[in-house]
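Okay, so here's the structure we're looking at.
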């Protein structure tokens, strides 16, 4: 009886202590640092903060911000509206496993890396509105297994691939540059077959091509080839055995990027690179030719001269050796007579009648008379 009485007396007290403990565990700690002109996330905030509002500052979410943010692991809500964020880096929120709401609207985000949302297993609401996002890899959202709301309003997105097992309840897509060609077929099929609600459906319009600008992305008609190019449904069996995403999986993300690149137009950077390479090669070839041509010309000219000298020498030797008897037929004469005859051979006298008189003939006649 005494034990029962003691138990009855302490039971209300134990319940009160337990309720206080539960309430303390769910206690919200809010910190508001809006419009403070901060360039970095403060490192002296209470470590038990659960709701942190850093909107309207100059924060960029660089490496220092990421390290400081990891220390606030009890965060359930994080607001970074209208800051200077341009890139969402891998593992930028990796230690915030309790985060449920992330609002990064009205920044200048144009790159979201593959593992930007790693670790956010409990995230339910993601706001990326009014940024400069042009394309999103579908695998970026794979770690967000609890995501229910996605706001992509007011970006530069023209198409969006939706991953399997993406069980959203509300999505906002208006204010983008939607290209309602075949590349949008998968998104349209998902919007029409899933339980997701497209917010502001009537103003989520096509931007391209011009003939489809009067249609919203959920009801735009597609041609028959779009149905054959893109399967109408994707089975979820491929992802049944999907394990929690880790860093090693995202290190091999190049395969996924290759798959998505089939629907993406090639940028102008490749054409520019090819042009630069061709220009460099052509210029190098011209310089090489300009340097080597004079040398090659001199070598060729020298070779021709050498061949010409060899040919003349061979001709002279052939002529000299071909008529050896000619020298023996020459009669032996006095050197003086030879000299006189040589000189007389070239002595010509113009006669009175205009004819040239050769004195060699005269001398020969005189010799006969004598």
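Just so it is clear, glycine is given a Cβ too, placed from its N, Cα and C backbone atoms.
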* Given the ranges 208-228, 229-249, 250-270, 271-291, which one is assigned the annotation transmembrane segment in Swiss-Prot? -> 271-291
* Asked: Taking all residues of the domain 'LRRCT' (176-227) together, what is their mean pLDDT?
  -> 91
* Structure fact -> Across the repeat 'LRR 2' (72-95), DSSP labelling yields 0 helix, 5 strand, 19 coil
* Structural state census, the domain 'LRRCT' (176-227) (DSSP three-state) -> 22 helix, 10 strand, 20 coil
* Coarse DSSP state, helix versus strand versus coil, of residue 32 (N-linked glycosylation site) -> strand
* Asked: When the Cα of residue 195 (N-linked glycosylation site) is compared with the Cα of each of the glycosylation sites 32, 62, 95, 179, 202, which one is closest?
  -> 202
* Asked: Are there residues at least 6 beyond the ends of the repeat 'LRR 2' (72-95) whose Cβ is under 8 Å from a Cβ of it, and what are they?
  -> 28-29, 45, 47-61, 63, 66, 101-120, 247, 250
